[in-house]
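Written out below as structure tokens is the structure these notes cover.
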């Protein structure tokens, strides 16, 4: 997705050779028009897969996920990082390690909102080592829901997340692939 790649190159801030900050349009302040295009692109890629729910994790995955849900005309369901007092019935849970925050969180999804009747598209803002997407896939499997694929806004292709997801048998669609952050510069993967 050319517009997204341009935004990543122009507005992304390289913190170090493994961390890219995109707070100006994705992770803190959200460019709604860009996220609408992200959602539309995921819809075009997965529209024939029978998607019944978009599944993501709070917080940064919500913006692209809700825009995808809007285009699919299905609910957006996000895994919570803390169990609210209002969640009194059953839930699915898994542990997810955040590469950026270097922190492991237990995330939960209410059994009320995810079941074997669902076909989910998992959406996440970043793909580094794949732990968040694999954790969401684990939750979908616990619910006996079908996973149609994984939609990633920005993939750090120099890390092993994409490979791990494919090894799990998942279809992965990354809209912007970063080849390198070396030399304090964003270099994108050139698609042929």
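Count begins at 1; order follows the chain as displayed.
A Cβ is built for glycine as well, from the same backbone N, Cα and C atoms used for every other residue.
Per Swiss-Prot, the features are:
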| type | residues | note |
| --- | --- | --- |
| BINDING | 20, 27, 156 | xanthine binding site |
| BINDING | 128, 129, 130, 131, 132 | 5-phospho-alpha-D-ribose 1-diphosphate binding site |
Candidate binding-site residues 129, 130, 132, pick with smallest Cα gap to residue 27 (xanthine binding site): 132
Conformational class of residue 156 (xanthine binding site) under the three-state DSSP mapping: strand
Rounded to the nearest Å - Cα separation of residue 156 (xanthine binding site) and residue 131 (5-phospho-alpha-D-ribose 1-diphosphate binding site): 13
Between residue 20 (xanthine binding site) and residue 132 (5-phospho-alpha-D-ribose 1-diphosphate binding site): CA-CA distance (Å): 17
Residue 20 (xanthine binding site) versus binding-site residues 128, 129, 130, 131 - nearest by Cα: 128
5-phospho-alpha-D-ribose 1-diphosphate site shell beyond 128, 129, 130, 131, 132, criterion: Cβ within 8 Å of Cβ centroid: 97, 99, 127, 133, 134, 159, 161, 164
Site of maximum Cβ density within 10 Å, from binding-site residues 20, 27, 128, 132: 132
Where the record names 20, 27, 156 as binding xanthine, the maximum Cα to Cα distance in Å: 16
